[in-house]
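Undergrad: This is the structure I have questions about; it appears just below.
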């Protein structure tokens with residue numbers, strides 16, 4: 001066992017003495033040492049219940065014949081961090097979490113690890129650590145929040161963000177907004193729709209790194225507590241059989257994750273995170289794989305925010321196993337941490353609510369819900385949630401309205417300075433330029449709330465999974481790296497064509513070269529973690545991992 005490095009032989013008597021001080025019994029000393037990386041805290045709604053799940057995981061590990069040791073990592077709520085300086089710290093926290101879990105695994109020589117996590121950057125951060133350390137691992141995702149309800153209508157956090165735009169537009173009062181914000185979020189769990197946290201939970205299950213049914217089970221259901229116990233028992237089996245993350249996270253399982261992502265129409269952030277997970281697991285992966293698979297996989301579930309269905313509805317419709325069944329012919333048969341392969345899980349499904357998870361013969365859209373765009377504005381790629389774009393905006397040309405940062409753009413939007421047909425460009429919000437690649441949910445939600453229907457938004461920053469509409473993010477190279485987006489001027493014509501997967505700046509290459517003369521990138525004063533992050537982070541098209 002790996003843990004023998006800290007507990008076997010007379011030379012390790014001091015180490016054992018410290019372990020015995022924890023109350024560890026002699027019999028426990030000879031069992032596999034299993035780490036539990038929890039991310040419980042009392043500020044993130046998706047994480048407030050994780051202490052209970054951690055207790056149940058410990059019980060499962062003990063029942064399975066292992067010795068559990070629990071520790072904590074940080075966790076940031078993107079929704080609370082949204083719209084202010086705090087958003088710049090969210091993506092860097094992913095690397096902090098991956099590093100923290102690695103540090104604990106390697107310092108204490110755990111034989112296996114259970115990762116308990118729910119929200120946007122915590123799930124990929126822990127998956128990155130699992131792939132990097134490559135000891136037996138299972139991820140337990142914490143589950144989704146139940147939908148809110150007001151006057152008989154189901155609600156999610158996006159309704160509140162869009163309510164801000166409605167107040168600015170005069171179609172909602174501040175009192176009505178207060179009533180909405182109070183009703184929208186009824187308890188613990190990840191935000192209710194197929195936003196980034198829930199999409200990453202689905203990706204985790206599709207990769208094979210969590211037990212079947214885990215992704216869509218709501219946070220407050222007893223099933224989630226049972227899944228925690230089973231996860232604890234199962235990790236001990238994985239240790240004994242030495243089934244490792246790199247046996248599970250393979251080119252084929254990553255392709256399966258993308259297929260499920262396309263079928264559901266998940267968050268654009270999955271592109272960034274799956275690339276990072278692949279890098280940490282040592283799997284070569286190309287950004288264009290997303291487009292290739294998108295053309296093969298129909299979009300079969302109309303999930304919030306683009307559609308009506310919550311994650312609770314997805315759970316009752318059969319969850320990710322039901323998605324496997326509906327697109328089984330497209331999936332590759334990979335092993336999972338459960339001991340069952342993907343086909344076995346798909347074939348074990350007894351019921352699918354096809355009003356939620358449609359058969360591929362009658363999809364929401366014929367192709368997948370995400371798309372990689374390239375062109376003169378994004379030579380190294382950009383991402384759009386095509387499944388959330390209205391038909392009339394699949395091909396659009398309009399004048400650029402350029403803003404060096406989200407705050408300036410938000411002021412212009414709320415002041416109604418944007419016209420229908422405009423293409424808003426928000427730059428210097430990339431991995432280095434932001435730094436931290438903040439999400440642009442506030443401006444996109446304000447546009448919806450104000451009633452705009454023909455305004456596109458392009459950025460080298462990111463979008464929340466709650467974003468809908470013609471919003472193109474992750475533009476690479478970013479402005480801070482001298483990408484073409486740095487040289488766009490107000491009034492330049494930009495063409496977006498989702499049919500050809502292109503986004504082009506309609507000026508000549510010579511004009512771009514002229515604009516480069518004397519160019520100096522916007523520099524924000526940085527200290528601490530953001531300064532270190534900006535100096536070390538790589539480009540978005542490679543997952544924005546530290547170099």
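Think of each number as a place in line: the chain as shown, counted from 1.
Quick reminder: no glycine exception, Cβ is built from N, Cα and C everywhere.
Annotations per Swiss-Prot:
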| type | residues | note |
| --- | --- | --- |
| BINDING | 78, 120, 121, 439 | Mg(2+) binding site |
| BINDING | 119, 191 | [2Fe-2S] cluster binding site |
| MOD_RES | 121 | N6-carboxylysine |
| ACT_SITE | 464 | active site, proton acceptor |
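I'd like these features described in context: how deep, what's nearby, how far apart.
TA: Listed in sequence order, the residues of the same chain lying 6 or more apart from residue 121 (Mg(2+) binding site) and placing their CB within less than 8 Å of its CB are 75, 76, 78, 90, 91, 93, 94, 97. Secondary structure from DSSP puts residue 121 (Mg(2+) binding site) in coil.
Long-range Cβ proximity for residue 191 ([2Fe-2S] cluster binding site), meaning a same-chain Cβ under 8 A and a gap of 6 or more residues, is found for 46, 79, 144, 145, 156, 157, 185, 197, 198, 465, 466.
For residue 464 (active site, proton acceptor), the same-chain residues 6+ apart in sequence whose C-beta sits under 8 angstroms from its C-beta are 78, 82, 195, 196, 267, 269, 439, 440, 441, 444.
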Undergrad: Report the member of 78, 120, 439 (the binding-site residues) whose C-beta atom has the most other C-beta atoms within 10 angstroms.
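TA: That would be 120, with the most Cβ atoms nearby.
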Undergrad: Within the chain of residue 119 ([2Fe-2S] cluster binding site), which residues six or more apart in sequence place their C-beta under 8 angstroms from its C-beta?
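TA: Looking at Cβ-Cβ distances below 8 Å from residue 119 ([2Fe-2S] cluster binding site), excluding near sequence neighbours, one finds 39, 44, 46, 47, 75, 76, 77, 78, 190, 197.
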Undergrad: What does DSSP call residue 191 ([2Fe-2S] cluster binding site) in the simple three-state scheme?
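TA: DSSP assigns residue 191 ([2Fe-2S] cluster binding site) to coil.
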